[in-house]
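Quick notes on the structure that follows.
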Amino acid sequence: MRKILRLKVGREDLILETGLLAKQANGAVLATYGGSTVLATVCCSDSVRENLDFVPLSVEYNEKYYAAGKIPGGFIKREGKPKDKEVLVSRLIDRPMRPLFDKRFGREIQVVPTTLSTDQMNPPDIVGMNAAFAAVFLSDIPFNGPIAAVRLAYLNNEFIVNPSFDEIQDSILDIVVAGSLDGITMVEGGANEVSEEVLLSAIDKAYEYIKQICNLQKEFVSIIGEREKLPLAYEEGVFEFKDELKNLIYSELKDACFVKGKLNRDKAIKLVKQKAYEHFSSISQVNEDNEFLFYKAFDDFEREIVRKSILENNLRTDGRTSTQIRDIVAEVDLLKRTHGSSLFTRGETQALAVTTLGTSIDEQIMDDIDGDKRLNFMLHYNFPPFSVGETGRLMTGRREVGHGHLAQRSLEAMLPKKDDFPYTIRVVSEILESNGSSSMATVCSGSMSLMAAGVPVKEQVAGIAMGLISDGDKYVVLSDILGEEDHLGDMDFKVAGTKNGITGFQMDIKISNVTKQLMKDALEQARIGRMHILSIMDSVISRSRDDISVNAPKIVQLQIDIDKISLVIGSTGKTVKAITDEFEVRVQIEQDGRITLFGTDSLKMQKAKAKIESIVREPKIGEIYDGIVKKINSFGAFIELTPIKEGFLSNRARSRDDRYGDMRHSRYGSGRHSRYGRDNRNTFGMNPPRLEEGQIVKVKISDIDKFGKIELELVRD
């Protein structure tokens, strides 16, 4: 049965519809906001897998070109593998939703939001998020919903709910917030040095609308009726000999949890686990049927030890207190041939960042339904398996795309405008070691490599990952969390920024009772930590170098009148090709008359610039040129001043010059009876100099008539 509900959210109505499309799915909702429409479906498999310690969830957001009235570019005219944007939106949907599924369900779950229409004004990603959340909540799959999402921009000191693309572009804050009726579950966004207070206010504002959208979903259920939920695959059991296990391992496990060094600590914990397993196996208390419960009980004890130590003793497994940051070592210029490089090591997390400068030809061309774009800044994050001491495939997964995007948006607000620095910038972060917060290490290393490359960034940027341990009554915010603290803790809050404010952030929360005061404490602690990290980075490099690397391509720019672009290009590109070949430069001409030269030899580039300036320069009386004799006739010679400008040097204007000899040796005859008359000396009063085609002569513009014809005279040295 078709049902439609709507709610005013910002400038438009959010319309949710079910019962018309994709009725064979476990759940399907069509969401519309303005002219953007997304269909979200959810399905689960029939097969059941027991004793899973994770939710087998996949989210596949996809955008159809027909949604914007377009046909895919390229040779293959159909949508292919997911673009980075689709991967990022899939992660936005996945992260707040995943903790609300019951692991005991045991079936694979697939959520597929598909953009069917877009007005290219209202971003379809936020529409897709709400469509997906509603589809799952209305389905027969066990889900602890409802949840909803809202985007905010901050423009002219006002918050805009679900802003347009243009408003996002002009805003100093772009934030997406997701949550349930119990509280916030996810925050992500980028900013241009906003304060912690503005960020907190944005989250508060977004949560007002999140609660309204959640209630809209509940109203949907009350209208169509709550569906009977599918059964769980198994009931969560308890290891029968848990008390015996605790008595056997607790003391030894506690010591193992505080062994220094990630690898040594992991090895010590695994040894305790192995000994315990062998003990219980030997007395037939662990077998294939209950070993899952054994491992779960062991992990519960490890979690209890780590969390209790932090809450009661303010002591973390590596010996730090809650506010301490791991030792930091930073350096630049490790790689001599690259344009800029930096190594940032924080504890056992290490990021090598390399900046490369290219030309506009190297820009990333984005062909998607929001319109074609050209990106002149890219950040690529690589996480090879050796960074955690493992083997595996070298590939770019969703995690790499997501972490790279967070680091990129944390840095891009500090980059110069393209008009001021017309290079294409690519930063590559190689994670060489990892024990938590590698994306924030990428921000730090990337910022320093940009400065080392001579990119005129506005401010240094640093990042830090914050964690949380809470028992409901008491909480402890952790600075610079380890990988295990991310896994065993209640929050992962990454914050990047400058000394002036926040530029990037991402927060995932596993608990529902996160108060505003808690978030305020976390942001303040992150600010203090960020200042500490910035001070260390600034001691290595505090400002961008005055010059770019000698290995980087050089750029020279000039501006010409639009109506003279054709003169520089020449017939069939002849003129610009000649400049390219002669001076070994790459020439880019914009429609507004801006010309950019790319090359490696500064002297040749300046000569190329002078050549172009001479082509477009308007000649003036009195100017002197080194011209080329192009053609000689009975009245004089045509002299090329520029590739597209010629002047005429008449015989009368030629004065005798010993460098050239006289007309008796010219192509026009010899002696007294030449084609100029019986006696040239009688005609002109002196012998005119000899000229030859291709000869270079110094001439001065003596006159320009009303038709633009140029008269020349010879210049003596």
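Cβ coordinates are placed from backbone N, Cα and C, and glycine is handled just like the others.
Quick look at what Swiss-Prot lists:
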type     : residues       : note
BINDING  : Asp486, Asp492 : Mg(2+) binding site
DOMAIN   : 553-612        : domain 'KH'
DOMAIN   : 622-715        : domain 'S1 motif'
REGION   : 659-689        : region 'Disordered'
COMPBIAS : 666-675        : compositional bias 'Basic residues'
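Non-local neighbourhood of Asp492 (Mg(2+) binding site): Ala465, Met466, Gly467, Ile481, Asp486, Gln506, Met507, Asp508, each in the same chain, at least six residues away, with C-beta under 8 Å from its C-beta. Helix, strand and coil counts under DSSP for the domain 'KH' (553-612) come to 32 helix, 16 strand, 12 coil. A simple way to gauge crowding: the CB of Asp486 (Mg(2+) binding site) has 17 other CB atoms within 10 angstroms, across all the protein chains here. Across all of the domain 'KH' (553-612), the predicted model scores a mean pLDDT of 91.
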